[in-house]
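Visitor: What follows is a single structure, and I will ask about it in a moment.
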Amino acid sequence: QSPKVLEDKTSLDLLEIMSNLSYDDSNMTFLDYDAAPCHNQYCAFFQHVAPTFLAITCAVATLGTGALLVALVKQPNAWGWPQSRALVAQLDMGMGLFAVMLPPVAVGIRQGWWLGSGLCRLTHLLWHWSLFAQGLLVGSGSYGTAWCRWDSRSRRLAVAVWAGALLMATPAALASGTVAAPEPSCIRRSVDVLSPVYLLHLGLCLCLFLLLPAALVVATLAVPQLRVGWEPRVGVSWLFFGLWAPYGVGLAVDFLLHAQLLQPTCGTFEHFDYVLGLSEGLGVLHCCLVPTALLALRLC
């Protein structure tokens, strides 16, 4: 007899990778993996833990970004290269924007998303805008002296970074949307996994979370001039990449499963949601840990 797996709103995407799904009138999902019972309990865990985690993270991030802003205002001349005041201020703004998005996401998870599809897409747009901007800022601040002072050159670079990040975040907004069952929910992907808009979004995420930090590491090791000019303090801002890299890997595996380029198993069905969710939770912590690390850097 085929095992039964309860279907709910957050497991809908993962279920799409299964090729032998069928539904009955009792709203149950049946899968056959050699009669092995497959029970994905991630949704109940996610709905119980995620709102509290996001609320605590938002509170800590607000304190951290606020303290960093105060330090920037009170000690304007204390932020020398490589962690210049202009660069740190923009990183702080990006982390603050990211933290602002956490409360509506937490409420939407706990009570259902009742704000409509438009605000759902706007939330994903701002969420990813802040992420892409921070990644580009860290990458551009790793080498050279572009952020050494706030002049016409650095102002043009700032405009380019934030405008480029907004453009890069647009596919995330177009790919997101709302689902109605069993209650309204704002999901990250409401289009087909092979749709051009999602493939563009996925490619941009992989470039930011995996390819960009890998390129920076290779450049540091391969170019002697960059190694000489590199200071250990630059590694503090690279904490952003370290926290989000596992999520980038998770997104890549998630795509391979949905596209059926990897054969799903019962164990995959039961555990991959946890892996992807925990990796995203690790990345979310950047808005708490990076301000703390930058403040600690300033005190050292």
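Any Cβ shown, glycine's included, is placed from N, Cα and C.
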Visitor: Can you say which of 6-25, 126-145 is given as transmembrane segment in TrEMBL?
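Guide: Per TrEMBL, the stretch marked transmembrane segment is 126-145.
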Visitor: Considering only the recorded stretches 94-114, 157-178, 198-223, 277-297, state which has the highest number of Cβ pairs under 8 Å to the transmembrane segment (235-257).
Guide: 277-297
Visitor: Name the range, of those listed as 53-73, 157-178, 198-223, 277-297, that has the largest tally of Cβ pairs under 8 Å with the transmembrane segment (94-114).
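Guide: Answer is 53-73, with the largest number of Cβ pairs below 8 Å.
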Visitor: Have the transmembrane segment (198-223) and the transmembrane segment (53-73) got at least three CB pairs under 8 Å, pairs 6 or more apart in sequence?
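Guide: No, the transmembrane segment (198-223) does not contact the transmembrane segment (53-73).
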Visitor: In terms of Cβ proximity under 8 Å, which residues at least six beyond the ends of the transmembrane segment (126-145) contact it?
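Guide: Sequence-distant neighbours of the transmembrane segment (126-145): 81-84, 87, 90-91, 94-95, 97-98, 100-101, 105, 157, 161-162, 164-166, 168-169, 172-173, 204, 208-209, 212, 216, 219, 226, 229-230, 234, 237-238, 240-241, 244, 286.
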